[in-house]
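Structure first, then comments.
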Amino acid sequence: MLNKNTIFFGLLLFIPISLLGHWLHWDEVSIFLTASLAIIPLAAFMGEATEEIAIVVGPTLGGLLNATFGNATELILAFIALKSGLISVVKATITGSIISNLLLVMGFAMLLGGLRYKEQVFQSEVARVNASSMNLAVIAILLPTAVEHTSNGIGEETLQTLSVAVAIVLIIVYGLTLLFSMKTHSYLCEVGEIDQQSSSAMESGDKIPEKKPEDVNLWFWLGILLVVTITVAIESELLVNSLESATESLGLTALFTGVILLPVIGNAAEHFTAVTVAMKNKMDLSLSVAVGSTLQIALFVAPVLVIAGWIMGQPMDLDFNPFELVAVAVSVLIANSISSDGKSNWLEGSLLLATYIVIGLAFFFHPVVPEIG
């Protein structure tokens, strides 16, 4: 019988195929497609590994682990692009990652989880704290852009200095959010047992047995997670190296590619993990994956890239394309609005996905930006 695992194991064949295509110098579109297909099962196995580890370390650290390993590939690829001077593509990928996590990943999680359970609940207190943190992230990238567009003759060096200062503030805030969620207010996030009980009570038909921490081989799954993460990074690099020529052949702009296409592929790990746990009625863990990844991109990855660009002599700053900022602000607004009550259903997931589609269409028809393409 054909099931999900059979399909994923079959897709693993695209790992050697994509590597072979790279060594044999296949056309860029073929390499792009095979690398994309190779990432799908890897993301699924990464999600399974992180979920197993989360059983041992708890939903808060598990969510952080999901977000960290999901964004590790993006961070590595961003460093490569930054070193190559592709500043605008790096910025587009940052904003695109925020948009896709809040709308696409969280939307699918709420939709598919809501189709299985009439209503799902999560900690509204944590949702409000995350909403405030995301608002800060919007402010942090909005103000440097506003300074650039409302000032006459501000120098690139001054703008980068401002961006580095803001980046330091964001990293400090990110550390404070970790302290809040894992130390001083960890009780707000440790809700795995509540979710499991509600899952057993609400689920009809076949029931998924809940594993206990002592049933999980932690070191085995850590090894799996390490191997899969390294392979994801290799495949993602193949994908990005072929991306420019492939998207040009497909008639896509670099702006659409950076904001929509790259984050969708790069966030495949978060997507699979968030949806999988949402379908098991673990919405707190699901949202900690999606929102936690968003906060890490905004409060950690972006600031680190700004500081790295400053060290490497690359003009990486927080002056973003105004249209990208509008899309980020809209995404944060609707995500905060939907998650504020601590409840979700399939319709709210549909609204998030509809917003993502509208934003995607806007970027698809957006005219070429000279410095991006």
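Backbone N, Cα and C atoms are what each Cβ position is placed from, and that goes for glycine too.
Per Swiss-Prot, these features apply:
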- 6-26: transmembrane segment (TRANSMEM)
- 29-49: transmembrane segment (TRANSMEM)
- 61-81: transmembrane segment (TRANSMEM)
- 94-114: transmembrane segment (TRANSMEM)
- 134-154: transmembrane segment (TRANSMEM)
- 162-182: transmembrane segment (TRANSMEM)
- 220-240: transmembrane segment (TRANSMEM)
- 249-269: transmembrane segment (TRANSMEM)
- 291-311: transmembrane segment (TRANSMEM)
- 318-338: transmembrane segment (TRANSMEM)
- 349-369: transmembrane segment (TRANSMEM)
Please work out whether the transmembrane segment (291-311) lies in contact with the transmembrane segment (162-182), by counting C-beta pairs under 8 angstroms that are 6 or more apart in sequence and asking whether there are at least 3.
yes
Quick test of the contact rule: Cβ under 8 Å, at least six residues beyond the ends. What residues does that give for the transmembrane segment (6-26)?
34-35, 37-38, 40-42, 44-45, 231, 234-235, 238
For the transmembrane segment (349-369), I need the partner stretch with the highest count of C-beta pairs below 8 angstroms, choosing only from 94-114, 134-154, 220-240, 318-338.
94-114
Interface-richest range of 29-49, 94-114, 134-154, 220-240, 318-338 toward the transmembrane segment (249-269), CB pairs under 8 Å:
94-114
Can we call the transmembrane segment (318-338) and the transmembrane segment (94-114) in contact, meaning three or more C-beta pairs below 8 angstroms at a sequence separation of 6+?
yes
Recorded stretch that, among 29-49, 94-114, 134-154, 162-182, has the most CB pairs under 8 Å to the transmembrane segment (220-240):
29-49
Chain residues outside the transmembrane segment (94-114) and at least six past its termini with a C-beta under 8 angstroms from it:
71, 74, 78, 120, 134, 137, 141, 258-260, 262-264, 266-267, 270-271, 274-275, 277-279, 281, 283, 286-287, 289-291, 293-294, 297-298, 301-302, 305, 320-321, 324-325, 327-328, 331-332, 334-335, 338-339, 344-353, 355-356, 359
